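Over in TrEMBL, the protein carries these features:
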{"type": "BINDING", "residues": "Lys11, Ser166, Asp167, Thr209, Gly210, Gly211, Met212, Arg213, Thr214, Lys215", "note": "ATP binding site"}
{"type": "BINDING", "residues": "Ser51, Asp134, Asn146", "note": "substrate binding site"}
{"type": "DOMAIN", "residues": "6-233", "note": "domain 'Aspartate/glutamate/uridylate kinase'"}
Amino acid sequence: MSYNWKRVVVKVGSALISPNKIGCSSHYLLSIAQFIVKCRAMGTQVVLVSSGSVAAGAHQFSDHEKSEIAVKKAMAAAGQTEMIATWDRLFDFPSAQILLTHADLRDRERYISIRETIFSLLEHEILPIINENDTVTTDKLKVGDNDNLSAMVAAAADADALIICSDVDGLYDKNPNEHDDAKLLSWVDNIDQSIYDMAGGAVAGGVGTGGMRTKIEAAEKAVSHGIDTFIVNGFTETTFNLLLDGKNPGTHFQAHDKPMKENIHWMRHTSNAQGEVIVESDFAASLESEAEQLTSSEIIDVKGEFSVGDTILVRKDDGTKLVKARSNYSSCLLNFIAKQDNEEFAQEFEKKTGPIISNKHIANLEKE
Ligand code: GLU
């Protein structure tokens, strides 16, 4: 019995690609490549999210430069070609490189373009290989780790499953390096604080940027989009044989049976709020169904700078988060209209300009 996935995203970390940090090695990639080949033969489309450019490029730079950000970016640029070439050699079908930043993913139009490109590549049986575009990222523009990136990609690609290849067998109830009696959790149906507590904050392996925590964040994003997520040990061939047999080799995070709609998921998990709108504490608890009812008279403050179309966070003045939504007004205009003493003028203005936030792109945050 197999899992019967139509589309799967496989995330591979730096430690698998560059285990000795001296260029790329196909040692651990062979069984992953075999898995990808077999999935495709079974009719499952595969998208690969691969880290490893920084680790692969590092050996071309002298030691004393390595900690500088600009040098790290140069290492990523130099290592990316080597990493793609290493993957490409393992397949007898074409692959395609996609480099993304968070700025690309949070912009709705670019996001749609990424989706369509992935669909088109898959339709033409080309393997998309995705990494963060480290050259052009800044703190504000980066996803930061490929675990979260892989979940955003899985959502964009409408995948059924996300397989995160790690250097441990999955999520343990306590740190297996410190506790001999640590137990592997094979099944998680609800990601709550206790799961994050088990994950701790440690960075596994030390080659990539993610640890168990970012893997849980990724799982949370993915399952809410209806994507079954697995954290597995990418270093052993058995992992992939088990997956092909429809058996769980690590930790399986169960997909929600009522997943969020694609646009709501994007707003909730991919788009970043560029600013905040603070409303009265007694403002209606849920804006989701009544988004268009937010009027300037309810606004106490507007924070940050945003443009029309940017995502904003609406909070009560006691700090409670209400919704993330797409703003139809710039921060400048919203400030101007919210500060009007003349309510009639404000109402007339809004009638002409339209609702402040629209029902189409809104995600409820009340449970946070
Ligand atoms: N983009 C980074 C690289 O290719 C990886 C980030 C990560 O390890 O999560 O080296």
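Cβ coordinates are placed from backbone N, Cα and C, and glycine is handled just like the others.
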If you count, for each of the binding-site residues Asp134, Asp167, the other Cβ atoms lying within 10 Å of its Cβ, which residue has the minimum? Asp167
Given a separation of at least six residues and a C-beta threshold under 8 Å, show me what packs close to Lys11 (ATP binding site) in the same chain. Val49, Ser50, Ser51, Asn146, Asp147, Ser150, Leu162, Ile163, Ile164, Cys165, Ala218
For the C-alpha pair, I'd like the distance in angstrom between Met212 (ATP binding site) and Asp134 (substrate binding site), rounded off. 22
Between Thr214 (ATP binding site) and Asp134 (substrate binding site), how far is it from one CA atom to the other, in Å? 18
Ligand 1: which of the binding-site residues Lys11, Asp167, Met212, Thr214 have a Cβ closer than 6 angstroms to it? none
Rounded to an integer, what is the Cα-Cα distance in Å between Asp134 (substrate binding site) and Asp167 (ATP binding site)? 23
